Amino acid sequence: MKIAVIGQSLFGREVYRELLKEGHQVVGVFTIPDKNGKADPLGADAEKDGIPVFKFPRWRVKGQAIPEVVEKYKALEAELNVLPFCSQFIPMEVIDCPKHGSIIYHPSILPRHRGASAINWTLMQGDKIGGFTIFWADDGLDTGDILLQRECEVLPDDTVNTIYNRFLFPEGVKGMVEAVRLIAEGNAPRIKQATEGATYDPMQKKENAKINWDQPAEAIHNFIRGNDKVPGAWTVVGDQQLTFFGSSFISNGPAPDGQPLEIPGAFRPAVVTKTGLVLFGNDGQKLSVKNIQFEDGKMIPASQYYKTADSAALQLSDEEKKFSEEIRAAWKRILTNVSEIEDSTDFFKAGAASMDVVRLVEEVKLKCNGLQLQNEDVYMATKFEEFIQMVVRRLRGEDGEEELVVDYVEKEINNMTVKIPHQLFINGQFIDAEGGKTYDTVNPTDGTAICKVSLAQVSDIDRAVAAAKEAFENGEWGKMNPRDRGRILYRLADIMEEHQEELATIESIDSGAVYTLALKTHVGMSIQTFRYFAGWCDKIQGSTIPINQARPNRNLTFTRREPIGVCGIVIPWNYPLMMLAWKTAACLAAGNTVVLKPAQVTPLTALKFAELSVKAGIPKGVINILPGAGSLIGQRLSDHPDVRKIGFTGSTPIGKHIMKSCAVGNVKKVSLELGGKSPLIIFQDCDLDKAVRMGMSSVFFNKGENCIAAGRLFLEESIHDEFVKRVVGEVKKMKIGDPLDRSTDHGPQNHKAHLDKLIEYCQTGVKEGAKLVYGGKQVERPGFFFEPTIFTDVTDEMFIAKEESFGPIMIISKFKDGDVDEVLKRANNTEFGLASGVFTKDISKALYVSEKLQAGTVFVNTYNKTDVAAPFGGFKQSGFGKDLGEEALNEYLKTKAVTIEY
């Protein structure tokens, strides 16, 4: 189809490019005249392609079409006019001229928000749904018949830029191309616009963007974000006009600490804080703005309002002076109308536009591999000297990144001061949950509350997912070299090691883990896991594949291993930090971003980890931590359309429910590590001393709260009595007590509900006829302590033979001497298949049994010997997918095949 493209901007350029790819003939491009010697991106591209380009300053004079302009247009004989973004008024003689007429892109769901400031009004009026319309052009009042519409959710802190970049631009380009395709196929609809709900909103200009303070905080927030970046919502303080950018609504929380700032007409003084400027509505609610712009165009972080500029300019090294001149040359290439770039040259006063900001940022980033630079940084350092000082400071690591504000709960415990975050961690900040909702997390040693923890709500989950998506699609994490990503993960492991005693102490008081075990395993293996996967970051690679050639041409096929995107991770309460590390390390190494839900009863080490991740330099939005109810958070993550992968460790029933939700939703990739009833077979030819020692560890390690715990021991008859005698003797030596006591062997169970289930489990075993040899009851002391327990004479049909206790309960059954196949049949007679073990000195028997056992892990003459390099995961209803080892990366990668013909 012969098309005339009428419009301008990067959006117009992308539509033009895609139409060419579709095979359409663009017979002409009509765009705006050059500005300061620079062509509009649409016109510049078309000129390079040899397409006729027309740059009429106007199409009409005194309401009448200019005949010469119309004739030049008609000479092209276009069959369709496509107006992706057009700021000029096009006469109806041109609109109606082509065979198929004209189509226009409009960034709202018509008939709502007609007019040139549709995106602004969508946000200013707090619409929950936004989107765009492609309609058949009319006389300029946006009332033409609708061809196509697409909707998107408007996020609470969306600005004009974020909703445009996230949806209106990329999906709008696709929509324009689809609309042209429908027209070419003869299938394009013409749907009359409804009259109900129609609005025509005036254009937002600087003069009508003054903030009205006599309204609720949410309305003020919507007004500021609806004018961000153009024209900019403003107020007057003293004799200075201040324009606000980067608004976020604060739904609750305590009064902010900082310096007051009187704003005429405001409900109460604003407060300059470490994170921004807190403003108040007439309802007493709060919002915060990130940046302030002065009348001269200079922009600063709002948190710096009362601070003077750095007292002394940096003294540049010879290398930095050379770099400065290279950047000066880049400014000169952009500001072609300026004869010389002086230190005082102002980027914008010299004629730069928003597209030039993008170009400058990309040029500097190209010269400084790995430098994190954003468009807004240019607005904050508009003069050349300021810009160089800012870039050099950043290269030196003196970039003045905003300080992470943590409302710690401090505890004097374990001979140290432990500082514990307790809020949600979203987009690099600790914040309260919506409505200020909290719950108590309890110390199982004495049953007392440690602190109140924020309880995430649906809006918090959506905000976290949006932050993770933004970080993946547009943030530094997604653009970073894999080796640089690995360096950050190595740094994270180092920082975790520096804080290992504090992490282990928090783990002990929150989960009941014995401190020495927490230090070695809970925390120690977490550190090892991040180090291991840090090393994988730059070793993820595809392969080349020989395929049949399309003779006489040749073909090359190769594969790419790519990150999935936003991953939801849900972890259990038995190893709070280690389970986080097992999944998150592989996920991050693959290049994904994470929204993680720790167990509701053990959230504290995950929140401390979030704090340490900021210290390590992990960018905002890459890691998000949401404490709260699994039924709410886990369900929402499973249902959320922007989450592309769920990694879950927990019970089999919940795992099934998650898998179903992921299938019904957007067919997410899922990995599940579920329940277990791991068999441990001990033959009479074993090293009995070692078998007793490892058998006890297989059951009582970490109080039995161990996914691979030996749920059932099968003993050859000839050693049964001796084994039981020795185990009982060793159990009696175990010290039960405070997990922070270095001599303690056995700490409290994780939480009260679990303790009650263990008591009920043992009562069931006794009722069914199993012999309770030792334990079986709660320890008479404060806290959730349960005695190590031993059952014998357990037969296959009993409840305790089939169901997992997830506690310190040893279930012992006999089998006849030499009957290997029979004991294998009994061991495999379960729907679980997470782990297993065998003790024997006969290598042939060991290999035979390890082959026949239906489990993801088989331990031979050892138990619980997991390693970061060895894959971990189960069979059958114990789930699928692997943690640890190279195979874990597969859970967080997708494979793309690329075929080239040449």
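For all residues, glycine too, the Cβ spot is worked out from N, Cα and C.
Taken from Swiss-Prot, the feature region 'Hydrolase domain' covers 1-310, and the record attributes it to similarity to another entry.
Positions annotated as (6R)-10-formyltetrahydrofolate binding site by Swiss-Prot, on the basis of similarity to another entry: Gln88, Phe89, Ile90, Asp142. All chains included, 11 other C-beta atoms sit within 10 angstroms of the C-beta of Phe89 ((6R)-10-formyltetrahydrofolate binding site). DSSP gives Phe89 ((6R)-10-formyltetrahydrofolate binding site) a coil state; it is part of no helix or strand.
The Cβ neighbour count for His106 (active site, proton donor), using a 10 Å radius over every protein chain in view, is 23. Residues or ranges marked as active site, proton donor in Swiss-Prot (evidence: similarity to another entry): His106 (among others).
Across the region 'Aldehyde dehydrogenase domain' (417-902), the prediction's mean pLDDT works out to 97. The region 'Aldehyde dehydrogenase domain' annotation in Swiss-Prot covers 417-902, and the record cites similarity to another entry as its basis.
Sequence annotations record features per position, and here Swiss-Prot assigns NADP(+) binding site to 571-573, 597-600, 630-635, 650-651, 673-674, Lys757, 804-806. Cβ neighbours of Lys597 (NADP(+) binding site) (same chain, under 8 Å, six or more residues apart in sequence): Ala456, Gly568, Ile569, Val570, Ile571, Ile625, Leu626, Pro627, Gly628, Gly630, Ile633, Gly634, Leu637.
DSSP assigns Cys707 (active site, proton donor) to coil, not to a helix or a strand. Neighbours of Cys707 (active site, proton donor), defined as other CB atoms within 10 A of its CB across all chains, total 23. Feature annotation from Swiss-Prot assigns active site, proton donor to Cys707 (among others); the stated evidence is similarity to another entry.
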Message: Give me the count of other Cβ atoms within 10 A of the Cβ belonging to Ile571 (NADP(+) binding site).
response: 26
Query: Here are some binding-site residues: Ile90, Leu632. Which one has the most Cβ atoms within 10 Å of its Cβ?
result: Ile90
Field: Rounded distance in angstrom between the Cα atoms of Ile90 ((6R)-10-formyltetrahydrofolate binding site) and His106 (active site, proton donor)
entry: 15
- request: Quick one: of Asp142, Glu673, Glu804, which of the binding-site residues has the smallest count of other CB atoms within 10 A?
  value: Asp142
Field: Cα-nearest neighbour of His106 (active site, proton donor) within the listed binding-site residues, Phe89, Gln600, Gln635
entry: Phe89
Message: I want to verify one value. Collapsing DSSP to three states, which class is Gln600 (NADP(+) binding site)?
response: coil
Statement: For Gln600 (NADP(+) binding site), the spatially nearest of the recorded positions Gln88, Phe89, Asp142, Cys707, using Cα atoms, is Cys707
- prompt: Reported as an integer number of Å, what is the Cα distance between Asp142 ((6R)-10-formyltetrahydrofolate binding site) and Gln635 (NADP(+) binding site)?
  reply: 41
- prompt: Considering the binding-site residues Gln88, Gln600, Gln635, which residue's Cβ sits among the greatest number of other Cβ atoms within 10 Å?
  reply: Gln600
- prompt: In which DSSP state, out of helix, strand and coil, do we find Glu673 (NADP(+) binding site)?
  reply: strand
- prompt: Which of the three DSSP-derived classes (helix, strand, coil) applies to Glu804 (NADP(+) binding site)?
  reply: coil
